[in-house]
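I have placed the structure first, in the form of structure tokens, so that the comments after it can refer back to it.
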Amino acid sequence: MASLELPNVTIKLEDEEEVPWLPNNQGSEDTENFPSTHSAGFPVPKSEVIHGGDPWIPEPVSEEREIPTDYSSELPDVIVKLEEEEELYIPYHQVSEASVPFKGAHSGEGRERIFVGEVPYFSGCRRSFSDRPGLIKHESQGTPEKPHKCSRCAKSFMKRSNLRTHERIHTGEKPFRCSECGNSFSDGSSLIRHKRKHTGEKPYSCSSCGKRFNQSSSLIRHERSHTEQRPYKCLECGKRFNQSSTLVRHERIHREQRLFKCSACDKRFIQSASLLAHERIHRGEKPYCCNICEKGFVHKSNLLIHEMKHTGLKPFKCSDCGKGFNQNSSLVIHRRIHTGEKPYNCSHCRRPFSDKSSLNKHERAHRGDKPYKCSNCGKCFVRRSHLLTHERIHTGVKPFKCSHCGKSFSSRSHLIRHEGTHTGEKPYDCSFCGKRFNRKSNLTNHERTHTGEKPYKCSDCGKSFSDRSSLIKHERIHTGEKPYSCASCEKSFSDKSSLIRHERIHTEEKPYKCSDCGKGFNQSSSLTVHERTHTGEKPFKCSDCGKGFIRRTILNKHERTHTGDKQ
């Protein structure tokens, strides 16, 4: 049986305090452990191990101890502190002498031993212990102290390093940058996890089925499917769950049972007064009226906010940019632009949002919920703003006017897009061919011509398209819908661009000018074809004889001479 002399190990604690650990020490109450990687033998690079102070040299142990081969739970555990505040819990067992080098007084040369293993017990605060008595003792001590408090939101932390990481949410600081894609992160551990997406590395392996994961938390959740461990308990009914998110969803059932329910729409409220106010919506009752414009409101708070539009009062100021708001909630949402905080995640695709209303609008797209219906044509929309923009097609209202040429538009986004034609600004460039665009959505659609991606599929005929607008136009072939009507001749069209081109027949407008000869055209595509007469470009080639043409239609006619088709 091999004899091994155990060294003194310095364990780095919070607040820079260091204490020596001896082999006969059975753990310290001040030592905080973290979940295991469950991946015996997983390598940790030397550069990621941080040692406090000068390199330690172990003191000679008074007597040699013989370590039996089945010795595991009696050896104390070690914490290795990883790069950028990430700590890895490493028990002393499950390590072979042959496979792992050791730094000690008798080793002859400086080498490191890395210990990786399994933590059998966890408590509610995520501290871990090598034996059950340690866990029971810890739980009897009550809630641990959190001395490090955030000066902005008063949230508290047990560690100063966790506070520093949290404060970056408020400052928006993201000092850790991915060299592959340029994404930035507020803490080093998030960057390390992100880099695994590029490398495909999955260092955490399930000991039961061999399945691998790129995060230890994912492994821990997965392993509960084998052990049937359910550490999250509902305090109301005692039901247990293997994930905290599942418990949160379950607890909503109990909360909803105590709520006041609306008989008209089944919506629930915590207070009866809130239910009474909500029921006014169904009755159409608006008891609070503005003295200036006589607009009515269901809630008095909404009236007070509305009146600030008349007075211009904006009492809530942003400390970063000075912008004013008439509601504190609007200021809170605005400040997330500066901090980068997006606390609301979509339950379907995990996309984050800075405010709850944006999340609700987004989730309607997943559910296919379209609650806003046009009273003129019956078309439904996910968002109220989309309905208002659509209704302007029927009314002809164009409230957004270009300051350069006086042209009016039915939506602000169309005006912004139009103004780019005056400024010539095109900030978005294609990484494949270098072509530039004035809108990010146009760039995204363009890049799909390189990748061949067509994510939008017609439910009637199965045809796919690279952008949503093309799918919408196509679907009108099946429905026969032509919502865009000409004011001059009442001819209808399935898409707005066709209407605009048609209206130029009546106005004789030719906005597209040839830079070589000055000739004008009412369509950009006509200008493109015309310019080929100056450049000599003939992009449409015959596959049989190689002859080139400036138009596809001319090529189609030419190819019939080879096939003998006279139609």
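Yeah, the Cβs are placed from backbone N, Cα and C, and that goes for glycine too.
Among the features that TrEMBL reports, domain 'C2H2-type' is placed at 148-175, 176-203, 232-259, 260-287, 288-315, 316-343, 344-371, 372-399, 400-427, 456-483, 484-511, 512-539 (among others).
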Top partner of the domain 'C2H2-type' (148-175) among 232-259, 316-343, 400-427, 456-483 - counted as Cβ pairs under 8 Å: 316-343
Per Cβ pairs under 8 Å, the stretch of 232-259, 288-315, 316-343, 372-399, 400-427 packing most closely against the domain 'C2H2-type' (456-483): 372-399
Residue numbers, six or more beyond the limits of the domain 'C2H2-type' (400-427), whose CB comes under 8 Å of its CB atoms: 389, 392-393, 436-439
Averaged pLDDT, computed only over the residues in the domain 'C2H2-type' (176-203): 84
Sequence-remote partners of the domain 'C2H2-type' (372-399) [C-beta within less than 8 Å, at least six residues beyond its ends]: 361, 364-365, 408-411, 483-484, 487
Helix, strand and coil totals (DSSP H, G, I; E, B; other) for the domain 'C2H2-type' (260-287): 12 helix, 4 strand, 12 coil
Number of helical, extended and coil residues in the domain 'C2H2-type' (456-483), per DSSP: 12 helix, 4 strand, 12 coil
DSSP helix/strand/coil residue counts for the domain 'C2H2-type' (372-399): 12 helix, 4 strand, 12 coil
